[in-house]
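*Asks:* Below: one structure in structure tokens.
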């Protein structure tokens with residue numbers, strides 16, 4: 001597959017060989033490989049969860065690989081911590097800027113590397129001058145002495161870029177740096193990346209924006225499910241080929257969506273807008289339907305459903321359940337109207353880890369189960385037992401803390417907690433994240449049965465196979481806008497990924 | 001489409017391009033706000049003194065001022081050390097007990113070996129404090145236990161050690177008569193009319209302030225408190241720096257113990273009880289952010305001076321001393337309100353300069 005290595009310019013500066021990394025039971029990387037040449041810009045692409053960010057963190061010295069080797073100039077190196085990676089000449093620009101809000105812009109850039117006067121005192125004058133030189137080179141007009149607090153995301157990103165530039169990195173890693181940048185700023189960033197490349201540095205560029213990938217990069221490495229898929233010269237590839245390699249999976253039969261004739265419209269969302277987060281989002285969900293919100297991480301999917309449920313505020317638009325308009329920003333009203341939200345991060349938002357299974361399962365109904373203000377343990381236990389049976393929760397005892405359960409069973413407890421409120425609309429955010437394959441299909445079966453029973457289901461998911469297997473309709477969100485509404489018959493990896501990356505879709509043209 | 005200034009996945013509009021930002025007004029602005037912060041405390045201090053003098057002209061008599069400075073000296077040294085710890089988003093609640101232990105240790109040393117030079121006694125007390133700080137710092141930095149809990153524990157542990165030592169040595173109280181005259185002279189010594197103990201405190205403040213501003217490791221303490229995760233990612237040895245802050249703070253609490261011994265000359269195991277919260281109050285009133293990352297040791301020192309002055313001035317105004325606690329409480333709330341107001345104003349000003357991008 002690697003046509004490029006023979007014809008690529010320069011020697012190999014940095015290489016990853018057969019790198020593996022697991023977090024608990026989840027393998028984030030398995031046999032990942034990468035070769036960066038001096039004087040090349042190299043793109044790393046892959047779906048959400050393909051292992052790109054883990055790979056970046058290994059290069060940055062944040063994580064150590066479990067298996068495999070990192071080679072710098074052909075010599076194996078151990079990047080024990082971020083300082084070691086930096087000393088090795090590896091600069092990383094993260095997706096989220098990592099600045100010190102209380103310190104000045106100049107100090108942020110030169111933290112730990114401030115120019116010194118005799119006696120190891122910081123030379124503030126030189127510090128300011130070097131910072132201004134960097135900004136001149138980047139063409140930004142930031143004041144070196146202002147604090148980083150209050151900078152726009154784009155300006156924060158420019159500070160990060162200046163930081164990377166300031167220590168003459170041999171390897172510059174950029175993890176989706178352009179998400180918050182405007183066209184001109186992206187051009188400026190690319191100019192810097194090109195000049196670094198031309199002076200012999202290796203640039204690793206991670207992005208979901210294919211136009212930028214093809215614009216900047218000489219070679220493209222595709223990853224999928226934590227594994228290396230291919231590395232090719234960019235000029236030998238098309239966007240379609242790259243997308244196919246990124247998804248490259250058969251949609252497995254693990255996702256048994258039962259066909260249901262959709263009933264009446266239960267949830268109506270009209271023109272929902274939250275400034276700077278999402279804009280003009282409208283959709284309907286019918287009883288018995290599973291509607292998936294697909295898109296890239298950060299596209300605004302979770303934010304949309306959180307606003308629908310009332311946890312987050314919104315600036316304009318309306319949410320109706322069964323024709324009744326909901327008060328905005330009022331989760332209690334949403335619950336009363338029959339919406340249930342199973343959040344993305346069940347450990348943080350869905351469960352009280354130290355409490356027992358039965359307590360967690362009945363948290364949403366504690367008023368109904370109380371007599372005279374006191375919770376009745378017997379009523380709690382009865383209800384928890386009923387739902388555990390329905391959902392086949394595998395727990396030792398219902399009085400065990402929920403933290404002792406596996407991820408899949410924890411998710412069932414969260415579902416039980418919400419289903420016991422007898423909702424009409426169930427919103428699930430990443431319902432199977434971090435759940436092993438076997439339990440995954442059980443969660444899917446459950447959602448499917450619930451829909452068949454007349455529940456309207458809204459599912460946010462970053463896993464394409466799950467989306468394609470489960471959803472009656474796929475709503476694609478890109479950069480805060482609903483860019484496409486794909487019925488089951490037309491939904492496949494290509495159509496969804498193209499819409500999500502802003503490359504295609506019926507409404508996508510308008511948004512780009 | 002409106003302005004996504006914050007984290008936004010939405011497409012940025014064209015007019016965001018090519019921002020034309022103004023030059024170097026930021027530094028002046030920030031500088032001014034910090035000066036405002038410290039001037040605020042100074043103004044409160046001056047106001048308090050003026051009011052008190054009007055009510056009681058003897059308030060500014062030489063002896064009275066000297067007493068005031070002596071009392072402030074100990075709190076100021078403690079506040080300087082505490083600032084280093086708070087700036088890293090930690091807190092040390094054990095300083096009162098460390099002061100007590102160090103004072104008792106110094107006193108015991110001088111009783112057992114009356115010929116000990118004063119310098120050695122000072123170093124010994126400081127070393128006792130440094131060891132206490134090392135213990136605190138090791139548990140916080142190595143074991144990752146929140147400093148609030150660790151130092152709450154050592155607050156009682158160090159005090160207990162102090163009592164245990166005093167009772168097993170059968171020396172529950174050390175009196176002025178037991179201490180060598182050379183050491184006692186330190187308590188009353190003056191240089192150009194200013195108490196030497198106060199000069200020591202001033203020197204400590206200047207040194208700590210210089211260190212925090214001028215050295216990489218000093219700036220890194222601010223970085224750690226400002227954004228711990230960013231500090232880790234930028235390769236700052238977070239654990240080592242936090243440990244250092246605790247050791248220095250412990251050493252300064254130890255030094256404060258020696259100053260306490262020299263000033264009061266009667267030592268029992270309750271010395272410094274309750275000082276820890278007063279010290280934190282001084283730092284907060286002085287503009288040191290309790291969540292770390294900002295604030296200066298000069299502000300903390302002014303805070304210490306202000307709190308001490310309140311304690312001295314209220315009786316002179318004919319108010320019951322119990323009002324002191326209420327006044328300190330009101331002052332803390334006022335300081336927090338002021339900080340918040342300044343922060344909002346700074347944020348608004350900084351945002352205003354991005355206004356062009358905000359359409």
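Heads up, the Cβ atoms here are built off N, Cα and C, so glycines get one too.
Just so you know, TrEMBL annotations are computer predictions that nobody has curated.
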*Asks:* Of the ranges B:39-56, B:165-182, B:219-236, which one does TrEMBL list as transmembrane segment?
*Replies:* B:39-56
*Asks:* Labelled transmembrane segment by TrEMBL, one stretch among B:68-87, B:308-327. Can you tell me which?
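*Replies:* Going through B:68-87, B:308-327 one by one, TrEMBL gives transmembrane segment for B:68-87.
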*Asks:* Any idea which of B:7-31, B:107-131 is down as transmembrane segment in TrEMBL?
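*Replies:* Spelled out, TrEMBL records transmembrane segment over residues B:107-131, not the other listed ranges.
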*Asks:* Look over the recorded stretches B:39-56, B:68-87, B:138-158, B:191-212 and say which has the most C-beta pairs under 8 A to the transmembrane segment (B:274-292).
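*Replies:* So the stretch in question is B:68-87.
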*Asks:* Could you check if the transmembrane segment (B:138-158) is in contact with the transmembrane segment (B:39-56), meaning 3+ Cβ pairs under 8 Å among residue pairs at least 6 apart in sequence?
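*Replies:* Contact criterion not met.
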*Asks:* Go through the chain and flag residues at least 6 beyond the ends of the transmembrane segment (B:68-87) whose CB is under 8 A from any CB in it; none is fine as an answer.
*Replies:* 95, 99, 147, 187, 194-195, 197-198, 200-202, 204-205, 208, 212, 221-222, 225, 245-246, 248-253, 255-256, 259-260, 263, 275, 278-280, 282-283, 286, 288-290, 292-297, 300-301, 303-305, 307-309, 311-312
